[in-house]
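S.K.: Here you go, one structure.
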Amino acid sequence: MLLEIVVAAAEAIQASLPLFAGLILGAALLLLFERFLAGRVSFAVKRVLYALFLLGGLGAGLFFAWKIRWLCDDAFISFRYSRNFARGDGLVFNPGEWVEGYTNFLWTLVLGLLAKVRVSIPHAGLFGNLASYALAIVFVALVVRKASPKGAIVPFAALGLAASRPFYTFASSGLETMPAAMLVAVGMWASLRKNGAFGAGLAFVAAALTRPDHLLLYGCMGLALVAEDLVHHKERPFWKRLDLRRYLAYGAPLVLLYVPYFLWRWRAYGDFFPNTYYAKSGNLTYWSQGLIYATHFLFTSGAAIWLPLFLFVLSGRARNRSETRLRIFALLSLLVYGRYVVKVGGDFMEHRFFISLLPILAASTEIALRYRLREAALPVRALLGSAAALAVALAVLPVRVLKPYEKRWNLAEENTFYPLKSVFPLESGSTYAGMGQRIHKLFVARGLKPRLSIDCIGLVGWYADLPIVDAYGLANRRIAHKPIEKRGRPGHEKRGTLEDFLAEGAVVDLGNPWGDKYKEKTRANIDGSSFHFLRWDPEVVKVLRAVKGAQLPDPARDITTLTRTGTRNEILDALEFYQVFLERHPDREKLLGELRARLGEVADFEGSLPPGAVIRGAGLRIEKARRSGATGKSLLVSLPDAGDHMGTLEIDLGVLARPELRFALGGRSSPGLRVELVVDGAALRTARPRVDRKLVPEAWQIQDLQGRRATLRIVDEDKAPGMGLYVDGIHWSGGTKDDVRARLRSGTSANAVDLFRAARTELPDSDPDVVAFAARFSVIYSFDDVFPAGSEVTGTAFGKVPTTGPTGNQQEVTGFLGRAFVNGYHGGDAAKGKLVLPLMPLDGQPVHVLVAGGKDCQKTYVGLEVDGRVVARACGKNDEILRPTELSTSAYAGKQGRVVIVDESAGNWAHVLADDVLVLNAEKLKTN
């Protein structure tokens, strides 16, 4: 990766060789120009020329900065803090919530104070940055002129800084980056003044109040003051070299300003460090990303050339106190602050964390170089001059290795994402601005203030002006304190979950927080703008329902439909969903009661045994896991990790009042493993496991036993290692027209495929009603044991037989029916292959199939092949969830065709999964 950056930078420089050559020539001519005039003009003329060059460079730099003017999304986080401060709510992101989601106290406070006198905060941020940029360059020029040998004519450091793309990029942005860099330059200048220790301390403390990590630079200047005293006047005793009064003057601003501020913010926000420190896990090291960040900076800012020059010219004897102080300060800053930036992994914005080092290194390099040029012999002077010309040219050459809007190496050229289309009136070119304005119109303009969960909290938060749950945790304490699960893009490595958003009181989300399963049940559309409810909110629904054409969730309608047509697994999942989603619904218990009634639960083992159940022995336990064929999130198991544990569970069913009892059962077949229905002491119904590692439906019709008292007994009496059973979803059924058996018997042809699939999740495949309904299909490929007779398998991706679960390092697979499915992950994503199913006559009925895997429908797909050509395709969504889809055959009625399952890709998500191929019989449909 580091080599990639170097190569990309070299290619960018090569593409700009004519400009690079011109810049080298220009820098060399300026060096010769100064050398020529050095002894020929007066000091006053030199000062005028110095000022003119400075003004020219500053004007050019401001032109470049204005040309790419932008306001960053992160800047609007601070702007919102400032606005709330001006409103009287304090420095908070959400009124009433004291979370320190900023690390630029002084910058945010200044903007807030300006807002109190009706100054536009975004405009203040933009022009405050531009002014800070100009001042930083001016103070660098002043530092160089004051600390250099007399007679400087061309302000090389100031010109190089003004025309440096990293530096003028952050001349706008609205961030604290440039104000902090400006204060560092002011601190350097103040340190050169007579009795300037207090002023320098004040400037560096102000820089630390603007960015907390600049305390490191404050410390570096303090050490430089001490080192300066030790280096000079070596003839004095050690203790007489130290100027304690100057150190006290330098430290006074820290004690008088920073310490009280720190104590206030600790008390106000309750955390020792800012919340952003926890959100970015600042306590952790991220050297790998830091090296990427540093390498990118070295080769795109010219530092690969001017930094070695800096290190060379700063070596050598001490010349005077000012030069020594700045030299030591620059070296310490590079080592201490530079190491800190690399240690934490830098930032996701290219160059940003190194911006404050540029004024330090630029000024120190020019000062030391001027001394070296004055002292060196002619050949060395020529060599140093040439190196200086090359360094200046490379510093101002715009080297771009990232494309606009590109995120690469965990970095981005952030200014391309947030350009300003207009300054008066202010208009951002980011889509987030329009998003925030639409949210404001949607909710706030109607008097609503629902809590919004979102990850782009800057522009959206500013314009929407709603309470926000920050998904990345910068302004949210709960999410900020989560551990990092995987390192990635700095500042974007922690993300809140649905549970976090709900716990933080979020009501709406612009994404789809509940996932595809509940996408349509939570989606709302108002005036063409879509969003999702995390929880049903009566106030929001009441107001929005009055909007013409409003589309809002209707839980009552959805629950009624689900209880009529949903599978038991779907209803169990829905019950868990609606228990949370309907938290504020006035009819919550009534609606949940409909779902519970449809479940007919005896025992679902969701965390506990049913009331009154009696367990004996140590062999049976509830296991929290999702196993194929089970429902919910846990089930009853008697498969110990080791040993021969046995056990019995008895559940009192009371007087039998329903005509059917159903459950799911799995495990190895054994006489000692069984489920029994005990009536009057006798086992009148018995079921034993039929399928290992998967649960399959069992159904007992018990009309003949109704009115009698019964007990359900689950037994493990098999001592053999590895022998045991799985039981789940014990429930009553039958007796209503919406029951799956009643629907199978009704003779309906509507939604026949969905009904058939639902029936096979609740009833055994051998059930007479299932068998009778299966006759409506001309093709049923369930892939439960082997591939259909006549299939052809090539390659290695699909193995030799269907699989019963994930293979290798594959994620959990869900959504398949029966015992097994077609899995194209044998050998991982790199494997390729093709499964061709037998030919079948096409009569216009679509081919129904469950599909998952990669979303490249050209290379990983389930297809319909007719006359040797694939005429229809279906593919997954880059996940392992099998979903129903159709392949149309209407244009090929009367022909022969076949289903092909293809994996021709070796990239990411380069595999396909399939199951349950169904084709209805057109003739039987007509008969029905």
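For all residues, glycine too, the Cβ spot is worked out from N, Cα and C.
Checked TrEMBL, it gives:
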type	residues	note
TRANSMEM	12-36	transmembrane segment
TRANSMEM	48-66	transmembrane segment
TRANSMEM	126-145	transmembrane segment
TRANSMEM	215-232	transmembrane segment
TRANSMEM	244-264	transmembrane segment
TRANSMEM	291-314	transmembrane segment
TRANSMEM	326-342	transmembrane segment
TRANSMEM	354-371	transmembrane segment
TRANSMEM	383-402	transmembrane segment
S.K.: With the transmembrane segment (383-402) as the reference, find which of 12-36, 215-232, 244-264, 326-342, 354-371 contributes the most Cβ pairs under 8 Å.
M.R.: 12-36
S.K.: Sequence gap of 6 or more, Cβ distance under 8 Å, 3 or more pairs: do the transmembrane segment (215-232) and the transmembrane segment (326-342) meet that?
M.R.: yes
S.K.: Six or more residues out from either end of the transmembrane segment (354-371), which same-chain residues have a Cβ under 8 Å from its Cβ atoms?
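M.R.: Those are 136, 139-140, 143-144, 147-149, 152, 156-158, 160-161, 164, 166-167, 170, 177-178, 180-181, 184-185, 188, 207, 211, 214, 217, 297, 301, 306-307, 309-310, 313-314, 319, 323, 326-327, 329-330, 333-334, 337-338, 341, 384, 388, 391, 395, in sequence order.
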S.K.: What stretch, picked from 12-36, 244-264, 291-314, has the most CB pairs under 8 A with the transmembrane segment (326-342)?
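M.R.: So the stretch in question is 291-314.
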S.K.: Could you give the residue numbers and ranges of same-chain residues that sit at least 6 residues beyond the transmembrane segment (48-66) on either side and whose C-beta is under 8 angstroms from one of its C-beta atoms?
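M.R.: Sequence-distant neighbours of the transmembrane segment (48-66): 37, 41, 130, 133-134, 137-138, 141, 145, 152-155, 158-159, 161-163, 165, 167-169, 171-172.
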S.K.: At a C-beta cut-off of under 8 Å, are there same-chain residues at least 6 beyond the transmembrane segment (126-145) that contact it? List them, or none.
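M.R.: Beyond its ends, the transmembrane segment (126-145) has Cβ neighbours at 50, 54, 57-58, 61-62, 65-66, 69, 71, 107, 110-111, 152, 155-158, 161-162, 167-168, 170-175, 178-179, 181-182, 184-186, 188-189, 192, 326, 359, 362-363, 366-367, 420, 423.
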